[in-house]
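K.L.:
Before we start, here is the structure in question, set down as structure tokens.
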């Protein structure tokens with residue numbers, strides 16, 4: 001293989017803050033390099049330097065691509081050289097077709113007129129290359145996230161990409177979609193296309209990479225061959241300390257039944273012939289961590305939403321708290337019964353991005369800080385905010401900072417802080433560590449254990465089986481809306497859980 005990319009002694013500052021400090025990395029033609037590091041470590045900043053988002057002259061150091069010095073003024077310059085980046089937040093225009101997105105700003109023309117036939121055939125060929133069997137005229141809004149990722153890659157191939165950068169590409173994908181994407185990336189190697197792969201999912205990193213590069217606090221910690229480094233080694237390099245177990249599971253007392261769900265059925269919001277939850281029954285005990293496992297679409301989230309009163313469709317069944325039947329038709333009624341839920345999509349349902357960290361934390365519990373019912377006791381609110389930030393270890397320069405500027409892990413910790421101010425007895429966590437770096441995951445796992453030790457009952461819904469098995473006392477297995485198994489987590493394996501989910 002020949003040298004494709006060299007980044008030499010890259011230093012990037014924002015005022016007096018050094019974001020990147022003398023980082024050097026290299027990449028061969030057709031090689032897959034995974035870039036690992038906690039949120040805020042400098043991974044994205046380094047890629048923005050490479051892609052011309054931070055132009056030449058805005059940083060110190062040199063970049064060479066195919067042996068030539070790269071002096072990009074913007075991202076278009078690097079795209080013309082064959083460097084393409086696909087961000088975690090996809091940039092496709094949802095109300096346009098796949099074809100229109102593919103050639104947006106890059107139309108095939110003849111005598112100044114767009115050649116629709118050539119673009120259609122070219123689009124069809126590119127979609128076949130990424131194993132996507134759809135009509136080019138399909139609206140992007142009609143595609144799933146996995147299909148949209150493949151369209152983004154096809155779009156990059158249309159630009160004659162030689163280096164493809166993927167930032168957290170599988171964060172919102174199903175296991176099947178992830179397998180398709182990883183196989184495609186490996187297949188691109190045969191066409192001498194190199195890849196920089198950014199992910200917190202270390203099993204994927206190990207499976208796909210030729211080399212693994214770790215960045216911490218803007219420093220290059222090291223680059224090693226993937227086959228010569230373990231996941232534990234990567235974690236230690238990322239966080240700067242040894243984590244003996246990613247899933248700290250401290251002993252805690254499990255008490256009497258606190259929640260019982262009987263015959264819970266929920267129908268699709270717009271098609272009542274489809275059951276999202278089908279006659280679900282289970283119990284939850286005081287101080288217990290109950291994991292809920294199952295494939296995407298198994299009804300896990302819908303079941304939790306019914307318990308929390310946030311499900312938008314029709315549902316029926318019985319919910320008992322401390323052996324007393326309760327009616328929960330809206331979130332306020334759940335909160336009044338000391339049930340709180342952290343939603344799956346934190347950006348859409350968990351935070352108000354333009355509001356401050358502090359105001360997001362106290363948003364659901366303002367009545368606790370009021371004189372009478374209308375006037376906020378600001379000194380008391382400020383004290384509670386600072387205590388919550390310290391307790392949850394939310395990393396922020398100020399409580400006044402807009403929460404949208406925090407990393408995913410710190411946003412999630414702020415949401416947890418908000419929920420804990422409601423003093424729940426039952427805490428429901430839906431995908432609590434999705435898109436979060438390994439250090440923040442560890443802190444959230446520790447918090448879950450601490451809360452269980454204090455007597456809180458916790459339901460954890462996760463698509464990551466190692467996570468479910470690592471932190472749960474008991475595992476509820478769901479498939480196609482049904483509770484297929486209720487398993488004590490005594491050395492449970494992933495195979496046992498999947499077998500329980502799929503058995504008839």
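Every residue gets a Cβ built from N, Cα and C, even glycine.
Small disclaimer: the values here were computed from a predicted structure and weren't measured.
Quick paste of what Swiss-Prot says about this protein:
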- 5-242: domain 'ABC transporter 1' (DOMAIN)
- 37, 38, 39, 40, 41, 42, 43, 44: ATP binding site (BINDING)
- 259-500: domain 'ABC transporter 2' (DOMAIN)
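Are these features on the surface or tucked inside, and what touches them?
P.N.:
Taking a C-beta cut-off of under 8 angstroms and a sequence separation of 6 or more, residue 44 (ATP binding site) has the following same-chain neighbours: 167, 198.
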K.L.:
What count of other C-beta atoms do you get within 10 angstroms of the C-beta of residue 43 (ATP binding site), across all chains shown?
P.N.:
23
K.L.:
Between the binding-site residues 39, 41, whose Cβ has more other Cβ atoms within 10 Å than any of the rest?
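P.N.:
Per the Cβ count, the most surrounded site is 41.
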K.L.:
Within a 10 Å radius of its Cβ, which of these binding-site residues (37, 40) has the fewest neighbouring Cβ atoms?
P.N.:
40
K.L.:
Considering every residue in the domain 'ABC transporter 2' (259-500), what is the mean pLDDT value?
P.N.:
92
K.L.:
Can you count the other CB atoms that lie within 10 A of the CB of residue 38 (ATP binding site)?
P.N.:
23
K.L.:
Identify, in sequence order, the residues in the chain of residue 42 (ATP binding site) that are 6 or more apart from it along the sequence and have a CB within less than 8 Å of its CB; answer 'none' if there are none.
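P.N.:
Result: 19, 20, 23, 215, 217, 218, 219.
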